[in-house]
Each structure stands twice: as structure tokens, then as C-alpha cells.
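J.: Dropping a structure here in C-alpha cells format, bear with me for questions.
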Amino acid sequence: MSAPEPKITPELIASHGLKPDEYQRILDLIGREPTFTELGIFSAMWNEHCSYKSSRIHLKGLPTKAPWVLQGPGENAGVIDIGDNQAVVFKMESHNHPSYIEPYQGATTGVGGILRDVFTMGARPIACLNALSFGDPSHPKTRHLVSGVVAGVGGYGNSFGVPTVGGQTRFHTRYDGNILVNAMAVGLADSDKIFLAAASGVGMPIVYLGSKTGRDGMGGATMASAEFDEGSEEKRPTVQVGDPFAEKLLLEACLEIMAKDCVIAIQDMGAAGLTCSAVEMGAKGDLGVDLDLDAVPTRETGMTAYEMMLSESQERMLMVLKPEKEKEAEEIFRKWGLDFAIVGYTTPTKRFVVKHGGAVKADLPIKELGDEAPLYDRPHVPSPKLPVIHAREVNAPMPVPEALEKLLATPDLCSKRWVWEQYDHVIGGNTLQRPGGDAAVVRVEDGPKGLALTVDVTPRYCEADPYEGGKQAVAEAYRNITAVGGKPLAITDNLNFGNPERPEIMGQLVGCLKGISEACIALDSPIVSGNVSLYNETSGRGILPTPSIGGVGLLDDFTKSATLAFKAEGEAILLIGETHGWLGQSVYLRDVCGREEGAPPPVDLACEKRHGDVVRGMIHAGTATAVHDLSDGGLLVALAEMAISGNIGASLDAPPDSTVAHAWWFGEDQGRYLVTVKEDDLLTVLSKLKSVGVPCTQIGTTGGHTLKIDGERAIDVKALRHAHEHWLPDYMAGKN
């Protein structure tokens, strides 16, 4: 006999993250008091994480269509066509709150969840990326969180067998109490064999696949829709536990039943577990769903209907099966050692009915749970405009060479080798460009094509000016893909913000989305998938607005690509784009001058497109021997990275007389690239760039073992490498 369900009280309602008006909406909708299980189901489906109730109205303005887009937002992942009946399936998603509470398991299950989103669509994962945001290095928890998250990302990806090929790692005090772990997965599928979540047909069996259900992850989606407070450590039991080896078996079994044409619809059990997957499949197919929880495989005794519906145990799928394929599908899953159980059927009623122990535990209208959750147009105010920082008003606290060495050893600009060397970035044998460059390049098997992959955002820009920051995040992804020779095709986004009930935070989200939308349109990069993570606050202190952008581009011929390393001595170094010395919100202004202030650099999207097309053309023509986009740290940091990577120095001209030297070298003007060309090609290249109206300046020549600016002290490339490589391993070893 099951235990009596708790009485529905205002305290119980509030603990489920439901506001009084939302509970009243439930009463109006079903005409009675909900059962405890029904309250849990509404809590899961109507929270921010699953319903997007604060952001959905603004997400509708994003560009999502293009001739090459096969599937846009609304499914498990986005899909783009790359020709030859090949499709790229990709998405990025957050696992922020769990990773702060339990960094290893939070990160592992973040990777596992995004991999399932991709292979649920019928794709074999070929790469993972991530964007990690940690607190101030001096904060007592930061080192522990970095260690746990990086180990978790590597532990899952390495064991599952997918390379982790790129990402971002940043540090800022605003992430002290709320780190960000954004995971991106990319897979390949046949264009004509994409599997979706919408159920079809009445009386079709609904099958539970994968690992057994336990109590781990209880209320995870609701936790991800609330602010943290001082008691957040007590939420450790709500963090899911991942098993990458079980996920590998699930991948192979799912791809096998898909190849055998067994599947009508399929959905992974992620946030809100069985509840969300069943509701979404039924609602998208305009059908009802009847579930019998007595058939659900469990690994703990005495689980209630409430617990089974809200468990977020990992490595599980829900599938609507072709009835005639039941025996064949079951044999496949048994072969792989995984559970296979028919737990329900589709119905024509448009009701979501859950039974357990012979009793009905939930009977709810399915569309209102899924497609028609509450929708808010929350008050929002624009961020105040910050003044432009004029370079001549900023005193240089140290000579340029010393400033460069200091910047290369800062937490944000130092080499992240310590991070990515813990990831297997070459498993599968298709990684052509490893982490540490502008974008990763992964070979598409059985042909000449490659994929360029990147993750980008500059949160301090988004804080200072959300609109320009949103534009810049997309533009930098565009530049990074271009810099390796890829044609940018589409993006996935992961929008991380604070409490949307605060108008200034909602204003950041609205402003960033406006900038992202404009940039996507101008740069022909539609958004095909994404995730929104709100309430990233602890005790009222929010994170920096962090709309991570995951970009995917195509190389028709991966041999026509570029890297950032200087290749040979005696080559001309060209600066493409205009340099005005914009110091506002620059890393130099913050970390050398001690001033985190000013308006961020504006982004001219027409110039971004024009400059990108020209650079890509140079790479494909073979005239560009090395390419690097300019971003954090500006011109001299980018030059140092090229020198370090190629182990070749450079002689650099002094800045133009009309500029301020430190602003010329460290300003963060947008739309710029560094390109090296052979002396024999120089005049032809300069003439070509002039004819198409793209600004270009020769600023030096490669050669030697030092980076030498005319009139300044030379710095040995070995010294630059030491500065660049040592901060992070020393920090993790407790030496700084």
C-alpha cells in the first residue's frame, strides 16, 4: 500500500517554484485541487528551465530559417544540410546549478545530456565543446570547482568516446557563487533520416529505454529555475549521476533500432525526466499519453509516482515504437544490456494520464502542460549607456613589452592547455585542428569536407552594452570560423542570465537578443537550437550576462584551411580592419590599468561580413599562410599567440604617429584579422584588398626568436611562452 500523499499547502506550492497566480491557473485549468503527483508535474513543466516562460516571447524574434536549415528550434537539436545527404546535428545546453553544487557529477551529466539530445535525432556524435565560467581565482571555492568540472567534462567525454575539441574558460568574481557550465555537442546524420519527438498514431506503444530509474536528480529542473542561497549545498542529492559507458551502449542501441526503421518518435529523458519527455511527445503530436508506472524499470525500492515522474536519472530514452517492430527492437536493447519496457500507449484524448499501483495519479490536459505553459512579458529596462573611454585619457602604467607579458599571464588570456589536455581531443581520428586555435576543425568521414566549430561570448561587453555584446558574440564566432577557412552556416545559443523578475536583468536579455538577432541576419547564420538558463544568482548577486554562442561552419575541402601559427621567416604580417585603439572594457584596461569600465567596442556587421569574405577567399586561394582573429587583448596579444604557436618571432613597426601606442597594441576594435603572406604574394594581396575596400596595413615581418617592436625592448618568444603557459597549472597546483 502506497504512503498517503502530502496535503497541498501554500508552503508546498511555493517549494515547487509555483507562484500563487500560477497555482490559481492550475485550479482554473483542471477545476479541482491537483494531486501531489500532478503538482510535481506542473512544477516541472511550468518552470523556467522547461517552459521558457520569461524568454519565449523574445526568442520568437530570432532568425531560424535558411535554405540549409533542416530543423530549427523546438526539437532536441538543430539540423543543417551540408550536401551529399549529410546533415550536422548540434545544440548547446547549460548545467550550471548542478555543477556548482557537485562539480564533477554536474559537469558529467551536462555532457551526457547534450550528447543524448544529438543522438536522439539519429546522429552519431563527432565532437563536444564547452564554455566554462568560474569565479575569481582567489575565491576559496574556485580551484575546487575548476578541478571538478574539468575532470567531469573529460571523464564523461573520454569514456563515451567523443573528442572535446574546443571551448572557452573564463574567470570573474561575478561567477563566485554561480559558475556556468555550457556544453555543446555536434553529430553527423543522413539528411533523410532525422528522428523527431512528435508522436503519431493512436494506440502506439510507448517504450522506456536505457538505464533504470532512481531517485537521483529529483527536482533538478526546478532547482535550475531558482536563485541560489546560502543553503544551496544541501541540494547535493538533486544532482544527477552519470554513467558514460551506459550512454555509449544507449547510443549504439538507438542508432541500431533507427537503422531498422523501428521508431515513430523518440525523446531523451533530460530535465523533468519521464514527465517532460512523455508530455512533449504527446503535445507535439496532438495526442494523449497513458503511462503505467508499474512497468517502469527502477533501481530503488518503494518509489512513488511522484518520484518516478520527476526523477532525472541519466541515460534514459522514451520512444514511440512501430508495433510490428516490438520484438526486433527489444532484442536489440537486450543485446546491448539495456532495459526495454512498454510503459504506455498513445491515445486520442489529448490527456496525460499516469497510473501507479492500479490508481490514477495524474489526469491532466497535455497541451496546456506543454505548448501552453504560462507566458510572461516581464518588465525590462535598458542598461544605461556608458561613456566612451578615449585612449589619450588613459595613462600607460608600464611599457608595452611588460604589459604584454603581464596580459599573457592573466587568468583570462593565459593558455588553457591545462584544461584541454585533460580532454581526449583526438579520439575518433578526425580532429584536424585541436584546441588552442581560433576554431576546431573536425573531418567529415568519407570525403574532403570538414566542420569548423567554436564557442564564443565576451560577458563584460554584454554587461556594459547588451546590444553590442550580443552582436559581438555572434561576430566573434563568425571570425573564428572564418579564420580557419570555414564558411559560417548556423549557430546554437546558450543564454545565461540572472533573475528575470528584475527589470534590469530582463533588459540585459532583451538587449542581447536584439544584438544576436541582427548579427545572425547580417552574417547569414540562423539560430537552429539553444537553451535559456535564468536565475543564475546567489543571494541576490547575478552573473555577468553570458549569451554563449556555438558556431558551426563548413570547409568544402579541409586541406584549404589555416591555423594561427607563423609558418616561416620573412613573411609579411598584415592587419586587416581598422584600428582606432578602443580601450573601453578591454582586458588591458581592466588587468593592467585596473579599470573595468567604459563602453565596449561597437560592431560594424557590414564590415564583419566583408572582411570575413575576403579572409576566407585568401585562405582558399592559398595566399594566407597564417590567420588569427583579434579579440581579447587586442593586436599584440594576437601576435604573441601566433609567435608562440609557430615558435617564430617578428619585427614590428612602431604604431602610426596619429595613435596612442598602448591603445594601438591592446585596444579591442572589432572586425580585425592578422594574416601572414609570402613576400611574392604581398603586392597582389594588397592590391586585391584595396580594390574591394578592405582596410589593410603591413605591420611587420616574421623572423627571429623575439617579438621586437621598433623602439621597444625585444621579448624572447620563449619568455612569452613561459608567461602564457604557466599561470593556470601553477594556479591549480596552489602556487599562485
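Cβ atoms are placed via backbone N, Cα and C, with glycine included.
Pulled these from Swiss-Prot:
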- H49: active site (ACT_SITE)
- H95: active site, proton acceptor (ACT_SITE)
- Y52, K91, D493, G530: ATP binding site (BINDING)
- E93, N531: Mg(2+) 1 binding site (BINDING)
- S94, H95, N96, H97, R116, Q240, E312, S313, Q314, S533: substrate binding site (BINDING)
- D117, D268: Mg(2+) 2 binding site (BINDING)
J.: Far apart in sequence but close in space: which same-chain residues, 6 or more away, have a Cβ under 8 Å from the residue listed as 'active site, proton acceptor'?
T.: G106, A107, T109, G110, G113, V181, A183
J.: Using the centroid of the Cβ atoms of Y52, K91, D493, G530 as reference, list every other same-chain residue with Cβ within 8 Å of it (recorded ATP site), in sequence order.
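T.: Here the non-site neighbours turn out to be L59, P73, M92, E93, T492, N494, L495, I527, S529, N531, V532.
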J.: Taking the residues S94, H95, N96, H97, R116, Q240, E312, S313, Q314, S533, which the record names as binding substrate, find the longest CA to CA distance and state it in Å to the nearest whole number.
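T.: Maximum Cα-Cα distance: 20 Å.
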J.: Report, as a single number, how many Cβ atoms besides its own are within 10 Å of the Cβ of Q314 (substrate binding site).
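T.: By my count, 29.
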J.: Please report the Cα separation of D493 (ATP binding site) and D268 (Mg(2+) 2 binding site) in Å, rounded to an integer.
T.: 20
J.: What subset of the recorded positions H49, D268, Q314, G530 lies within 10 angstroms of E93 (Mg(2+) 1 binding site), using C-alpha positions?
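T.: Within 10 Å Cα-Cα: G530.
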J.: According to DSSP, collapsed to three classes, what secondary structure does S94 (substrate binding site) have?
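T.: The three-state answer is strand.
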J.: How far is it from E312 (substrate binding site) to D268 (Mg(2+) 2 binding site), counting Cα to Cα, in Å?
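T.: One finds 11 Å between the Cα atoms of these residues.
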J.: If you measure C-alpha to C-alpha, which of R116, D117, D268 (binding-site residues) come within 10 angstroms of N531 (Mg(2+) 1 binding site)?
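T.: Passing the 10 Å Cα cut: none.
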J.: Per the record, ATP is bound by Y52, K91, D493, G530: how many Å separate the farthest pair of Cα atoms?
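T.: Largest Cα to Cα distance for the ATP-binding set is 16 Å.
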J.: Compute the C-alpha separation of Q314 (substrate binding site) from H49 (active site), stating it in Å without decimals.
T.: 17
J.: My understanding is the cutoff is Cβ-Cβ under 8 Å with a sequence separation of 6 or more in the same chain; which residues meet that for Y52 (ATP binding site)?
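T.: When sequence neighbours closer than 6 are ignored, Y52 (ATP binding site) has L59, V532 within Cβ distance under 8 Å.
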J.: When a 10 Å sphere is centred on the Cβ of the residue listed as 'active site', how many other Cβ atoms does it contain?
T.: 26
J.: At the level of the C-alpha atoms, what whole-angstrom distance separates N96 (substrate binding site) and G530 (ATP binding site)?
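T.: About 15 Å separate the Cα atoms of these two residues.
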J.: Around N531 (Mg(2+) 1 binding site), how many other C-beta atoms are within 10 angstroms of its C-beta?
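T.: I get 24 for this one.
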